[in-house]
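After the structure tokens below, expect a handful of questions from me.
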Amino acid sequence: MASCDGTGDQCKQWGDYSTSVDLLQSQENEMVGYEYRGDRVLGIVVSIFFGIILIVGLVGNALVVLVVLCNRQMRSTTNILIMNLAVADLLFIVVCVPSRLCYYALSYWPFGDAWCRIVEYLVIVCASASIYTLVLMSLDRFLGVVYPLRSMSIRRPANAFRCILLTWTIILVACVPVLFSHGMVVVDNLHSFCNYFTPYAGYNIAAFGVSLCMMDFVVPLALIFALYALMLKRLWLAVPPGGRVTAGCTRAKRRVTKMVFVVALVFAVCWCPVHVLLFLKSVGLYGKRMDTPHVVMQIASQAIAYTNSCVNPFLYAFLSDSFRKGFCNVFSCFRKTSSDIAHAYNARRATSRVLNAVNGKELVNEEIVLEMD
């Protein structure tokens, strides 16, 4: 845990080293710690918005995981990767959103230095897992479209789980430096916030920010769109190797491929503002002065990025017949279970009323017999 005990200008200058555009979450800490400290209206509005993201994201992504796990026919390589994306979104929502919600509501970081480091680490891990899961999904569609026969031995659920495990392992190890580059900062012994320690930890802020943008956004998106560019000719203009295919098979491939592409495109749109701001701040072109327009822009970019974690289930329901049917089956089972519980409860109450009525009649008969005696 670090502290800044100098003048307000010195602390402000120290805070300008921050690079928290969402993933690093530091310059936003500065704006809450300075310009917007105590602004309850801003805190309440943002907290409500994040609360909606939390609830919708938890329910939606949990449904995705439940549909894939409970339906054996849904366990294709693409759907297993979709389930992994939902798990990454769930972890992101559970770890990051509540912390951000409390931070905006309280206007300071209340969770201590250790949790600050863990949150920052897991935020970057989850974001990295999401984008590289999209790379795997695009590669899976590329193999299925361009090499449908030769890839059958590769595109198996067991191999999908191996790729997922390898991806998470690499990301967890590669993001370890984040644990040592973040921590809780106390300003004037009064206000605490979770910040980036570049000036004191020996990290190069420009190198860190630019490399993060490249490896967690630019490079994976370039791979995704390159794979889709290679797919377009084969999918729409040519017959895949191995002979003629039915129109229904081609339409099915197009639907799945379109769904994966839309999910990747939405991810790019949602996370682009955050990474643009991060890059500009890393090279010193943005964030030197956090006035109202900069604050609004930064909060908006973070909110858009967080929204991505709860929109994917709606995309699946809109673009995929199998997921739409799976969601309907889950809700049908829930309604059936609720109906069965209510029916059983009503049956028990009816039985209880009958027994009470019978016992009451017997009691009256006994009283009459006693009076006659």
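Backbone N, Cα and C define each Cβ position, glycine as well.
Curation plays no part in TrEMBL annotations; they are all automatic predictions.
The shown structure was predicted, so the numbers you read here are calculated from the model rather than taken from an experiment.
Okay, so TrEMBL annotates it like this:
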DOMAIN    60-316  domain 'G-protein coupled receptors family 1 profile'
TRANSMEM  41-69  transmembrane segment
TRANSMEM  81-106  transmembrane segment
TRANSMEM  118-139  transmembrane segment
TRANSMEM  160-180  transmembrane segment
TRANSMEM  200-230  transmembrane segment
TRANSMEM  260-279  transmembrane segment
TRANSMEM  299-319  transmembrane segment
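For each listed feature, how buried is it and what is near it?
Note on the domain 'G-protein coupled receptors family 1 profile' (60-316): mean pLDDT across this stretch is 84.
Sequence-distant contacts of the transmembrane segment (260-279) (same chain, six or more residues past either end, CB-CB distance under 8 Å): 19, 21-24, 78, 85, 127, 130-131, 134, 137-138, 141, 209-210, 212-213, 216-218, 221, 224, 228, 286-287, 297-298, 300-302, 304-305, 307-308, 311-312, 315, 319.
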Do the transmembrane segment (299-319) and the transmembrane segment (81-106) come close, with at least three CB pairs under 8 A (pairs 6 or more apart in sequence)?
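Counting Cβ pairs under 8 Å, at least 3, so yes.
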Would you mind listing the long-range same-chain contacts of the transmembrane segment (81-106), meaning Cβ under 8 Å and 6+ residues beyond its ends?
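Apart from its flanks, the transmembrane segment (81-106) reaches 25, 29, 32, 42-44, 46-47, 50-51, 53-54, 57-58, 61-62, 64-65, 68-69, 115, 118-119, 122-123, 126-127, 129-130, 133-134, 136-137, 140, 160, 164, 193-194, 263, 302, 306, 308-310, 312-313, 316.
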Please indicate, using numbers and ranges, the residues of the same chain that are 6 or more beyond the transmembrane segment (118-139) and have a C-beta under 8 Å from a C-beta there.
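Same-chain residues near the transmembrane segment (118-139) but 6 or more away: 22-25, 78, 81-82, 84-85, 88-89, 91-92, 95-96, 99, 111, 160, 163-164, 167-168, 171-172, 174-176, 178-179, 182, 194, 212, 215-217, 220-221, 223-224, 227-228, 260-261, 263-264, 267, 271.
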